[in-house]
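Engineer: Here's a structure for you.
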Amino acid sequence: MEGNNAIGSTAQSASVPASSPCGGGTLGRHLARRLVQIGVKDVFSVPGDFNLTLLDHLIAEPELNLIGCCNELNAGYAADGYARAKGVGACVVTFTVGGLSVLNAIAGAYSENLPVICIVGGPNSNDYGTNRILHHTIGLPDFSQELRCFQTVTCSQAVVNNLDDAHELIDTAISTALKESKPVYISIGCNLPGIAHPTFAREPVPFYLAPKVSNQLGLEAAVEAAAEFLNKSVKPVIVGGPKVRVAKAQKAFVELADACGYPLAVMPSGKGLVPEHHPSFIGTYWGAVSSSFCGEIVESADAYVFVGPIFNDYSSVGYSLLIKKEKLIVVEPNRVTIGNGPSFGWVFMTDFLSALAKKLKKNTTALENHHRIYVPPGVALKREKDELLRVNILFKHIQEMLSGNTAVIAETGDSWFNCQKLNLPENCGFEFQMQYGSIGWSVGATLGYAQAAKDKRIIACIGDGSFQVTAQDISTMIRCAQKNIIFLINNGGYTIEVEIHDGPYNVIKNWDYTGLVNAIHNGEGKCWTAKVKTEEDLTEAIATATSTHKDSLCFIEVFVHKDDTSKELLEWGSRVSAANCRPPNPQ
């Protein structure tokens, strides 16, 4: 995806055929070909009577793989994970009961700026406007309820109940998803996918999405103002955020870092987008729970460039960042704002970063300060004999598993904080859902990411509470012959919520998690499970998962004490709790 502003725009060597070789030029085939053209090879689905004919046409496309999921929520999460690895994802569900079930996952994709094509099999086109009541609805003749729900969590919506404008509606929605990097909603009448129509007679011409070009005068003014601001500073820093992905600006970001010599940090939600093997990298900036010596360098700087940030209550640790606006340059995907001064619109991140790199004087003052004060992390205390495995020991061993052939998926919870401390080797993937923070996201996301990134082995760190929400699609991973390694961290509850506000509702019913996965496995496919209670157990389990069972789905249930958390979670939880408990402002 890096540097590619036109998904599916590659010219084909052969001319576009005058008519489709099979299917008689149908809506179903057009949609299938469009998905293939934009880079979707796997579609996550749950069948329902309104989408069955459409699914037939998707299955008929030889370059498309239809993956049946256990429920719509997981299908949506899988499309989210797939989009993170591939640049775009797709899911297919049925009308209303399926649509409203997948809605939560689509909202998450919207919050994370992921282009997901959400396709719904809709009512028969003849039923619109008839005052009929259909099944799978809330019992009213108005079929727009689902559409209205999706309007707030997608950037474009298309209700296809007429073949005459179906081609235009579908292409507009899909191209909008790619341009905006947001999900879209497409509802297709259940009687339409197999009907031939002249607009579908030809193989669809690949999209050409014109690259966004900055306003040249605005770009020059923004670069001049930023360079003046930074070149007179003493110890500036750069911090990368999550919107570097949507702007496709990873290369430009590194170009700037190489040129200026400033320390390079990453916001927690941007981890994986910034190269941690870069010589200027100093860690994660997350306010009071930053990497050691990173927060001090960032907050003591006299100028900071935040590239693609999202400042919310979680990333700001309950609004407690010590960042001063007058020292701040914010680079958005299409705008640059400098301190309390000017703001420049229609200036795109990649253009700005590349141009700024040529104007900055090299300044390594803050980086040298970091080198002077930095002390390497300590070694975990020697364990007692037969002591229950400690979380910091677990993640020490996970660190040793990482390479450019792995990717880490971190579930909402203490895994956020423990995985932030992992040092990512070059080309090692990393994903988590910080903005939306939906527990259970990681199971479906692991399924989707693994399906898209078949050259990597996925290491997923999932808490027991989160796993209980979406556990079923371990089944789909086995069916797809995935070789993920899942660490199920069993501490008996919702630990992240305990540290924000404790109560009996944070204690969950314990499951025999390996027993559940063995039951799902049921002797079909490759799956291996293990229970781990000590460091010796863990060492043995990892050795088995990476050798004897390197081609299997490996599920390792890790038992830890319920109060064994990262120190960062303790600090973060108390600050977020304080932000949540602010009294009403006086009226």
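Glycine is treated like the rest: Cβ placed from N, Cα and C.
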Engineer: Tell me which of 1-21, 358-378 corresponds to the region 'Disordered' entry in TrEMBL.
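Structural biologist: It is 1-21 that TrEMBL describes as region 'Disordered'.
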Engineer: Which one of the binding-site residues (ASP464, ASN491, GLY493) has its C-beta surrounded by the most other C-beta atoms within 10 angstroms?
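Structural biologist: Neighbour-count leader: ASP464.
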Engineer: Which whole number is the mean pLDDT over the domain 'Thiamine pyrophosphate enzyme central' (223-340)?
Structural biologist: 96
